[in-house]
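Student: Got a structure here, written out as structure tokens. Questions coming.
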Amino acid sequence: MATARNFSGGREEDSYYADEVEEKTTTASRRKVGKTMSSSMELELESVEKIFEAKEVPPWQKQLTVRAFVVSFILGVLFTFIVMKLNLTTGIIPSLNVSAGLLGFFFVKTWTKLLQKSGMLKQPFTRQENTVIQTCVVATSGIAFSGGFGSYLFGMSDTVAKQSKEANSAQNIKEPSLGWMIGFLFVVSFLGLFSVVPLRKIMVVDFKLTYPSGTATAHLINSFHTPQGAKLAKKQVRALGKFLSFSFLWGFFQWFFTAGDGCGFVNYPTFGLQAYEHKFFFDFSTIYVGVGMICPYLVNISLLVGAIISWGLMWPLINNQKGNWYSADLPPSSLSGLQGYRIFIAIAMILGDGLYNFIKVFSRTIHGLYNQFYRKDPSITTVLPVAGGGSNSTSSTTTTLPPPLTYDEQRRTELFLKDQIPIWIAVGGYISIAIVSAILVPHIFHQLSWYHIVVIYIVAPVLAFCNAYGTGLTDWSLASTYGKLAIFTIGAWVGASHGGVLAGLAACGVIMNIVSTASDLMQDFKTGYMTLASPRSMFISQVIGTAMGCVIAPCVFWLFYKAFDDLGQPGSEYPAPYALVFRNMSVLGVEGFSALPKNCLMLCCIFFFAAMLINGLRDLVGPRWSKFIPLPMAMAIPFYLGGYFAIDMCVGSLILYVWGKVDKEKADAFGPAVASGLICGDGIWTLPSSILALVGVKPPICMKFLSRGVNTRVDAFLKKN
């Protein structure tokens, strides 16, 4: 389903997820999921709806069951912990659709079997109910990304502001609080849902947009509910459970050795102490090994290339200029020193990549719409550019005779148009929530005025449509790109003297939530179209899931915030890298380039245009050769964090690659399940570890790795005492 949610399309997706990387990672991984579901694809070719012809499609009211929302709540909490941990560590969020689909199927199937044995089963488990669960779970956990807990929202805090000398006055700081976070999410997270409801027929039926993530999810759900697919799903759930248990127990075992800073397996100097100092080591993180198994090889290699360029070459060379380019007396965390080069060059690459893809997707959107409305002849149909078609397939539009509707298309279209959502609900809901939001948001953020919010909400439906349409074409959600536009425009409008930094971050949150949920809902409509789930049940499930996420995500973040005193600090277990990145974007938007250290602007310009050039080259050479050219967005992440997690992810890629060479059929069938188990197990361990930290239970052992010389001095010191 659709990420910004980074779960959904490009997140997720849309991250992660928690930036465009998360979006691209999510997108590409969903395509990978689609490939692994080869059996369901074969069923699709044979006509899925004829297989299910004998099964009655329940009315939309019966698709919304109590058990579906109970399971959705449980899985929503689990996946929120996973997304939150990923948000606060690296910001890379893979697609968890396979996990949500498998676990949702497993829980309800177990539930119905128990009831059936006791003779109490009143309603069988259908693929429509499975789709409702999938929609609700992804909507719930997606708020952990679009809520900005690892980016714009946490970037408002004093913890992040202290890492920058600029614009850290009281009017540009807002400390996290459970009350205002929940209130803010409730008033901004639903507008996107109402903004695109009237366009569902145009997008899905008339334009026939692909929505690859929604399509892959539908194939997955359809396969679960066939006899062959159900058998495979049981085996996949068993594999997921085994590796979930292993990952959880491994996290528990590691905890015993982390009694102090720099302790534990996570600090094991795999390639030597000098490499460790430059962030090159394997940290035994099962969650990132799992993420690496889900993410495409190119993403993982791009991360490693970025780490080598930055921590292997650039930062040691710039560090040699200490005392020349920047003061040698500055602390390591100062943005006027080496840390500034790391942050701002990464930002430049992110902005360059984001601008290029914004122009590309937006131009494709305009091109596709032009051909739909101005060059359409009644006797012909326009073939829109679709995801995965390469640059050639999207650069031109051809006209062909419309193919006859298949039985599946006739059946799906008939039921999709049966349960209409009245347009007055969409328009009335949008206007009502917009009025409430324009009143309440300025009370939460005094730096914003009501007219700032009104202007955003006037522009938002256009942006939401563009993002939903672009996601349908390319599977890339540009939610965080639109959010960055809000950072610069609203921040500059408010001005530095009136809290423009905080205003820009808040405006980013408003836009990201609207644009993200709009593309998510359209992905859900596509999934529902292909599983015969009613649009009404999809919409209500998305609303309920979003409402649950508005409460669950802030509570989970609050647990992290209270449990870990060093949350958001560089070098800590949870550095929240994108919080500092987003805040410094807002500082740049308000104060200009005066905040940059010497020669940093020149380097930023070089990497900004290099990111655009690399993306252009990737599109120019086509899909055959572009798979050998790294992704600039992925390369940018290690510039700040280092290469340790990239090594973890490459290990995951290596495992999957070797497995595929040994037994490709099993790797395709069980690889996503194994990866999901590794991710979920480590994510579940986060809950008890947070509780242990809250109640003050400390690990009993500190395992550190010292050089021979340091160890000799430590031994000598201990002998004296």
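Cβ atoms here come from the backbone N, Cα and C positions, even for glycine.
TrEMBL feature annotations, pasted as is:
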type	residues	note
REGION	1-33	region 'Disordered'
TRANSMEM	64-86	transmembrane segment
TRANSMEM	92-111	transmembrane segment
TRANSMEM	132-154	transmembrane segment
TRANSMEM	297-318	transmembrane segment
TRANSMEM	338-359	transmembrane segment
TRANSMEM	421-444	transmembrane segment
TRANSMEM	450-469	transmembrane segment
TRANSMEM	476-494	transmembrane segment
TRANSMEM	500-518	transmembrane segment
TRANSMEM	539-561	transmembrane segment
TRANSMEM	600-617	transmembrane segment
TRANSMEM	637-659	transmembrane segment
Student: May I ask which of the stretches 476-494, 500-518, 637-659 has the most CB pairs under 8 A with the transmembrane segment (421-444)?
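Tutor: Looking at each of 476-494, 500-518, 637-659 in turn, the most contacts to the transmembrane segment (421-444) are made by 500-518.
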Student: Pairs 6 or more apart in sequence, C-beta under 8 angstroms, 3 or more of them: is that satisfied by the transmembrane segment (539-561) and the transmembrane segment (132-154)?
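Tutor: Contact between the transmembrane segment (132-154) and the transmembrane segment (539-561): present, because at least 3 Cβ pairs are under 8 Å.
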Student: Can you name the far-off residues of the same chain, 6+ from the ends of the transmembrane segment (637-659), with a Cβ under 8 Å from a Cβ of it?
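Tutor: Sequence-remote neighbours of the transmembrane segment (637-659) are 21, 89-92, 270, 278-283, 285, 288-295, 297, 299-301, 303-304, 306-308, 310-312, 342-343, 345-346, 349, 575, 577, 580-581, 666-667, 671, 675.
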Student: When you look at the transmembrane segment (338-359) alongside the transmembrane segment (132-154), do they share 3+ Cβ pairs under 8 Å, ignoring any pair fewer than 6 residues apart in sequence?
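Tutor: Between the transmembrane segment (132-154) and the transmembrane segment (338-359), contact is absent.
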Student: So are the transmembrane segment (338-359) and the transmembrane segment (500-518) touching or not, going by 3+ C-beta pairs under 8 A with a sequence gap of 6 or more?
Tutor: no
Student: Need a quick answer: max count of Cβ pairs under 8 Å to the transmembrane segment (500-518), which of 297-318, 450-469, 476-494 is it?
Tutor: 476-494
Student: What else in the chain is close to the transmembrane segment (297-318), if you only count residues 6 or more beyond its ends and a Cβ gap under 8 Å?
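Tutor: Here the qualifying positions are 21, 24-25, 28, 278-280, 325, 338, 341-342, 345, 627, 630-632, 634-639, 642-643, 645-647, 649-650, 652-653, 657.
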